[in-house]
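Novice: The structure is given below, and queries will be raised subsequently.
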Amino acid sequence: MKDIARQSMSIKVESMDLLNGQIKMEAHASATYLAMASWCEQNGFFTSAKFFFKQAEEEREHMMKIFNFLVDTGGNPISPEVTGINHDYSSIVDVFESTLEHEVKVTKSIHNIVKKAREIGDFATERFLDWFVMEQVEEENTIRDILDMIEVTGTEGVGLQMIDNQVANWIE
Amino acid sequence: MNVIFQSTYYTLYQAADQRCFYLDFGQKIVRMSLCQLLSLRHKVMNIDIENHFDSDFNAHGFEVLMLCNKEHLFILNTLEVLDLKKLVSHSFISLGLSAEVPEVTFS
């Protein structure tokens, strides 16, 4: 019997479901960073706003990378619904701390998919996610460095202005 | 045509020469590509059984299923929904596209 299903699709449906979940997560991250950019603009942190506009674009690129992988492997990529975006932050420190929390969640989710792909012998998905594993190391490191810089600079006096200016160092 | 999986109400066939699948719903047979079968899987697996029994979400206990770019419309009762979920999960295992071990069901 011809294996039409295998000829049409080269990953497992469990990986496809998890990758669709990841598409949603990346879309949510992109929208969250856009909300952060908006908050920064409204509160006078113009360099940080630029940083978050860039982050929002990057998250969308990540989403599209996964979306195209599902297309290439014959899967069924689902365009995500994005709801429940927080627009309220108490300070610029709160913005960056929330960013780190978000990045850690994304990292955990990627690791979970790698683990599952390995468990079910889906080598294509496992290898595809190599890039994301290393990208998350870089993303987390960037935000940790910014939080370290905030800690050293302090938020008193002209501290907030200096923090915003220094964020420029992390805009590629 | 080869039978991929047969549940209480439904049967999925593979037609190798036509490179497609046929799903027999009892009163109607629907021709599907793998993409359409994946789309069916997505819709069926997304039917929340808890919401199905919640009269605030679902007053009449029926689910409406539109398939193949809205070419076909089915209205399913609870037993049919559960059976279609079973057919979908077992079929993908039989097709070698799912690695999940099916849940043990008692009938």
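Cβ atoms here come from the backbone N, Cα and C positions, even for glycine.
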Novice: Which residue of A:GLU81, A:GLU103, A:GLU119, A:GLU156 does TrEMBL report at the same Fe cation site as A:GLU26, A:GLU59, A:HIS62, A:GLN136?
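Specialist: Between A:GLU81, A:GLU103, A:GLU119, A:GLU156, TrEMBL records just one in the Fe cation site with A:GLU26, A:GLU59, A:HIS62, A:GLN136, namely A:GLU103.
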Novice: Kindly assign A:GLU59 (Fe cation binding site) to one of the three DSSP-derived states: helix, strand or coil.
Specialist: helix
Novice: With a radius of 8 angstroms around the mean position of the C-beta atoms of A:GLU26, A:GLU59, A:HIS62, A:GLU103, A:GLN136, what other residues of the same chain does the Fe cation site pick up?
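Specialist: Everything else in range on the chain: A:MET25, A:ALA29, A:GLU58, A:VAL106, A:PHE132, A:GLU135, A:GLU139.
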Novice: Sorted by position, what residues of the same chain at least six away from A:GLU26 (Fe cation binding site) have a C-beta under 8 A from it?
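Specialist: Expected: A:GLU59, A:ARG60, A:HIS62, A:MET63, A:ILE66, A:VAL106.
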Novice: Just to confirm: which same-chain residues, 6+ apart in sequence, have a Cβ under 8 Å from the Cβ of A:GLU103 (Fe cation binding site)?
Specialist: A:GLN136, A:GLU139, A:GLU140, A:ILE143
Novice: Among all the protein chains here, how many other CB atoms are within 10 A of the CB of A:GLU59 (Fe cation binding site)?
Specialist: 23
